[in-house]
Amino acid sequence: MSNENRTCSFCGKSKSHVKHLIEGENAFICDECVSNCIEILHEDGNDGTPSESAGGEPEESGKLPTPAEIVANLNDHVIGQEQAKKALAVSVYNHYKRLRHPKAGANVELSKSNILLIGPTGSGKTLLAQSLARKLDVPFVMADATTLTEAGYVGEDVEQIITKLLGKCDFDVEKAQRGIVYIDEIDKISRKGDNPSITRDVSGEGVQQALLKLIEGTVASVPPQGGRKHPNQEFINVDTTNILFICGGAFAGLEKVIRQRTEKGGIGFGASVHSKDENADITKLFGIVEPEDLIKFGLIPELIGRLPVIATLEELDEDALINILTEPKNALVKQYQALFGMENVELEFEEGALRSIARQAMERKTGARGLRSIVERCLLDTMYRLPDLKGLKKVVVGKAVIEEGREPELVFEP
């Protein structure tokens, strides 16, 4: 194309009608269109020049929620666990504050506040991590430590966690490098004894060592679009230095390790007296856990050193489980009431029924996680027949429905 026939690919003006015509690959743009683009960016509050953040990355837009705001949001989704919420909120706030103001700590190296959550099954560890990520609007991924193996063994190696994180943000590396990773069942990869085994520990200490590199900060090489690694292929490099890692586990048996440390032992007047409430005992002991207890349990010292914030969650009692059933925004009772409401039917749970549901969950040792299966079981037949029950106005779930397996009371229009 001759110089005279060249036109702006956006407005169509020829070179003779504008001051400058900038040439790109198979396209042209004039100086007037460039000016218009700059004005649009200014109107949107973005001049096109990203501010510097940690690692030379653009700083996130939007206000960083304060610890109090984070806790208030967590209260909408998670019942109780006030100390754990505070510990999480402060750690997460400090972590992202550090990323947004890298120059403020130029003379002091600010360490990352990775978190270890210790609490029984169904106490809210996973839900806390999920709710945090949702509030902060950052990529979030969960991994099960029991499925991880050392690189070179059959199974999921630790770098696949980063592959999943990239997938959550459409392989946007900058977003992934500021995400949150929650690793569940971290207690299940503890080494089985104080002395390292002479045999290969595929899913124990070896995995802890591999996770250590990821948590303390390394450049992970991830195959494009999450494919398998092959020789001579290009990889996506992801720096894990600013990824926040939250590890969680039930740590069954840790209370015995703590008790051994805190008690002198003995008989007669020197013997220790335990509470009749075993759950209260365990909660109290978890509250005084020390790094040395976790090392004796089977976590390697280096990994514990990279998880400086330890938050313990309490065993949920009957009242807490009832509150979980009814109070949060996504409470189970509200969910089922919404489902019945779509059929123009009111659903009511009597107080006795709620207590029975909570009691059964406690007996099963499943915590909040077991509530849904109990409610689902008692409503299954009713939900099966619901669309065909003409004139039905109300379903009442009483204590006998939960404890004796009776049918809920059905109230029809007169």
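Yeah, the Cβs are placed from backbone N, Cα and C, and that goes for glycine too.
Listed in Swiss-Prot for this protein:
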type: BINDING; residues: C8, C11, C30, C33; note: Zn(2+) binding site
type: BINDING; residues: P120, T121, G122, S123, G124, K125, T126, L127; note: ATP binding site
type: DOMAIN; residues: 1-49; note: domain 'ClpX-type ZB'
type: REGION; residues: 44-65; note: region 'Disordered'
Using DSSP reduced to three states, classify T121 (ATP binding site) as helix, strand or coil.
coil
Whole-number Å only: compute the distance from the Cα of T126 (ATP binding site) to the Cα of C11 (Zn(2+) binding site).
53
Assigned element (helix, strand, coil) containing C30 (Zn(2+) binding site), judged by DSSP
strand
With every protein chain in view, how many other Cβ atoms are within 10 Å of the Cβ of K125 (ATP binding site)?
26
Measure from the Cα of G124 (ATP binding site) to the Cα of every one of the binding-site residues C8, C11, C30, C33, then give the nearest.
C33
Candidates P120, G122, S123, L127 (binding-site residues) - the one closest to C8 (Zn(2+) binding site) by CA:
L127
From the centroid of the CB atoms of C8, C11, C30, C33, the recorded Zn(2+) site, which same-chain residues not already listed sit within 8 A by their CB, in sequence order?
S9, F10, G12, K13, V18, L21, F28, I29, D31, E32, V34
Shortest C-alpha distance to C30 (Zn(2+) binding site) - which of the binding-site residues T121, S123, K125
K125
In the structure shown, which of the binding-site residues C8, C11, C30, L127 has the fewest other Cβ atoms within 10 Å?
C11
What are the sequence-distant neighbours of S123 (ATP binding site), meaning same chain, six or more residues apart, C-beta distance under 8 angstroms?
Q81, L313, E314, E315, L316, G367, A368
Whole-Å Cα distance, K125 (ATP binding site) to C33 (Zn(2+) binding site), is 52
Counting only residues 6+ apart in the same chain, whose Cβ is under 8 Å from the Cβ of G122 (ATP binding site)?
L316, A361, T366, G367, A368, R369, G370
Residues with Cβ closer than 8 Å to the Cβ of T121 (ATP binding site), same chain and 6+ apart in sequence?
A250, K365, T366, G367, R369
